[in-house]
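Student: The annotation domain 'SOCS box' is assigned in TrEMBL to 370-406. What TrEMBL lists as region 'Disordered' is 68-89. The repeat 'WD' annotation in TrEMBL covers 128-150, 151-186, 195-236, 237-278, 291-325.
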Amino acid sequence: MLSPAPEEPLLLAELKPGRPHQFDWKSSCETWSVAFSPDGSWFAWSQGHCIVKLIPWPLEEQFIPKGFESKSRSSKNDPKGRGSPKEKTLDCGQIVWGLAFSPWPCPPTRKLWARLHPQVPDVSCLILATGLNDGQIKIWEVQTGLLLLNLSGHQDVVRDLSFTPSGSLILVSASRDKTLRIWDLNKHGKQIQVLSGHLQWVYCCSISPDCSMLCSAAGEKSVFLWSMRSYTLIRKLEGHQSSVVSCDFSPDSALLVTASYDTSVIMWDPYTGERLRSLHHTQLDPAMDDSDVHMSSLRSVCFSPEGLYLATVADDRLLRIWALELKAPIAFAPMTNGLCCTFFPHGGVIATGTRDGHVQFWTAPRVLSSLKHLCRKALRSFLTTYQVLALPIPKKMKEFLTYRTF
């Protein structure tokens, strides 16, 4: 169930980069990407100037206001018993655009592979992929900060990265060279597929939690849906009036959201291609000219871990939180020059990155999901829309299970 009157997001902490003298501080300082590890034990921050910070989570107490302290770090975040994890600085040598953590913990099959192929770098650990300005992708071991692999193939900026949630260590990269590439890190980072078809820079890629679909968004009005089994195009989703720049699947893979410079978020059924709902970003400040669409251009959209909320960042200096079944935002927070956002995997916190290289942590709605929603989420994690529609159940139940009750 949803809270009747959610509180406005509160700023928990803000991290700011130092200002190294060897860099021109006015260039390349943007935080294009932020990410939490799937188990919530690490936070990665591309803080500009070719640097990525790996920060153990929860944050140290000096960063958190009184009353919001998290429980102290326990040994479960350090399975090898080497003491508390330490913050690490990764010097990537190029501007960092995309970040992605591998799934965690790792399946035993990977350890078997490592024993059978000792010449291949050990990737049976939590790893971080970084997409760089020169088209390279660097793969790092999180616990040690060591560079494991360097993947080459893209001819331009690697804008986004996404691992398959299943733990198979398949990595998808999206680039300004208008392609997506599929890499198998279990095979020394072998490139196994190139996906072509976009006519503009590819801004974003997202793999569905059931690992069946890949969504890619480029500087075009349509988004592409690909099969992760055959690496072929399933369909194009058309409905936006300007470039699509961000996309995300719901935790049960039943919904897809896309955000565009046209100031709207569209919610889709990825299985049928049906457009279910549009969320429009309008100016809140009467002093602003509502005709200036670019003021509300979207930068980022993401689902909350339980699948009941969305967060969006737009150029009108607002972080918005939306409830799934409502057409207007339920909460706002003022932020300057926002570029990206992501939820903490266990809920309760949203991280945002800015053009100034800062990262901010905000309170997010904590919700006790209804039994109905939990059942829907469980069923939709393995049933497609077509399979639900074929069930011998009442029409209203089908509408609920397929998110047609908005």
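Every residue, even glycine, has its Cβ placed from backbone N, Cα and C.
These figures come from a predicted structure and were not determined experimentally.
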Student: Against the repeat 'WD' (151-186), which of these stretches has the most C-beta pairs under 8 Å: 195-236, 237-278, 291-325?
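Tutor: The stretch with the most close Cβ contacts to the repeat 'WD' (151-186) is 195-236.
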Student: Tell me the residue counts in helix, strand and coil for the repeat 'WD' (128-150), as DSSP assigns them.
Tutor: 0 helix, 14 strand, 9 coil
Student: According to DSSP, how is the repeat 'WD' (291-325) divided among helix, strand and coil residues?
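Tutor: Helix, strand, coil within the repeat 'WD' (291-325): 4 helix, 18 strand, 13 coil.
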